[in-house]
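Per TrEMBL, the features are as follows:
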DOMAIN    21-131  domain 'Pyridoxamine 5'-phosphate oxidase N-terminal'
BINDING   Arg41, Phe42, Val43, Asp44, Leu45, Lys46, Lys63, Gln85, Gln120, Ser121, Arg175  FMN binding site
DOMAIN    152-192  domain 'Pyridoxine 5'-phosphate oxidase dimerisation C-terminal'
Amino acid sequence: MDNPIAKFEQCWQAALADSPLQQKSAICVSTIDAQGFPAGRFVDLKAVTNDGFIFCTNLDSVKARHLQHNAKIALTAWWDHAGYQIRVVGLAQAITAAEADRFWHARNREAQLASSAFNQSEPLSRETELTTRFNQTADAHAGQPVPRPDNWGGFCVQPVSIEFLTFQNDRLHLREYFARSGDGWIKQLLQP
Ligand SMILES: Cc1cc2nc3c(=O)[nH]c(=O)nc-3n(C[C@H](O)[C@H](O)[C@H](O)COP(=O)(O)O)c2cc1C
């Protein structure tokens, strides 16, 4: 397949289909801080479109602050049961408020309340504050929908390269590297 976004979608669906994982769509997102250090953490991949790979987060979080200064980003997936490692390098662009609303409404109420209750990446004074703040937020919205906080949104990672590694027990992994070229892609196999 010559379109790596379509190929990603195919691998993702295959990995979802028989996934033993609780967090089936977790992928590692790597950003770069002001000193040039990389920072990786997992997020839920929400969607893949022709424009790119979408994840949602707090727009005041560490990762979002990194992206405001440096839009360069990497995504890494490893789906053990399917045997795929996928590496995406690209540029992150904020999604629109309307798109953020759509993803917000698809979340369950607990996730909405947790996102509303906390300032992600800020210090927490003590562990008991987790339930205190969550319960206060739940009480504040009892019987009503939880509105999307203004600082909850997402990013679309527009890929410049995508590499698929199909794992082989004999270590003869198939590595298929795609680099963006104009409107299309150039494919190159890489040694394992
Ligand atoms: C499986 C898993 C899924 C996660 N999904 C998200 C997510 O979709 N969005 C998010 O902001 N954080 C998510 N987190 C929490 C992040 O890993 C991270 O702790 C948080 O976003 C703060 O990162 P930052 O301080 O580097 O911005 C997830 C963590 C795990 C382990």
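One is the number of the first residue shown, and numbering goes on along the chain from there.
Any Cβ shown, glycine's included, is placed from N, Cα and C.
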Listed in sequence order, residues with CB under 8 A of Lys63 (FMN binding site) and six or more positions away: Val29, Thr31, Ala39, Arg41, Thr57, Ser121
Distance-selected binding-site residues near ligand 1 (C-beta under 6 Å), from Arg41, Val43, Leu45, Arg175: Arg41, Val43
DSSP-derived class (H/G/I helix, E/B strand, else coil) of Gln120 (FMN binding site): coil
Residue, out of the binding-site residues Arg41, Val43, Arg175, whose Cβ gathers the largest set of other Cβ atoms within 10 Å: Val43
Binding-site residues listed as Leu45, Gln120, least Cβ neighbours within 10 Å: Gln120
Pairwise Cα distance maximum in Å, FMN-binding residues per record: Arg41, Phe42, Val43, Asp44, Leu45, Lys46, Lys63, Gln85, Gln120, Ser121, Arg175: 36
Secondary structure content of the domain 'Pyridoxine 5'-phosphate oxidase dimerisation C-terminal' (152-192), with strand meaning DSSP E or B: 0 helix, 30 strand, 11 coil
Taken over the domain 'Pyridoxamine 5'-phosphate oxidase N-terminal' (21-131), the model's mean pLDDT: 98
DSSP-derived class (H/G/I helix, E/B strand, else coil) of Lys63 (FMN binding site): helix
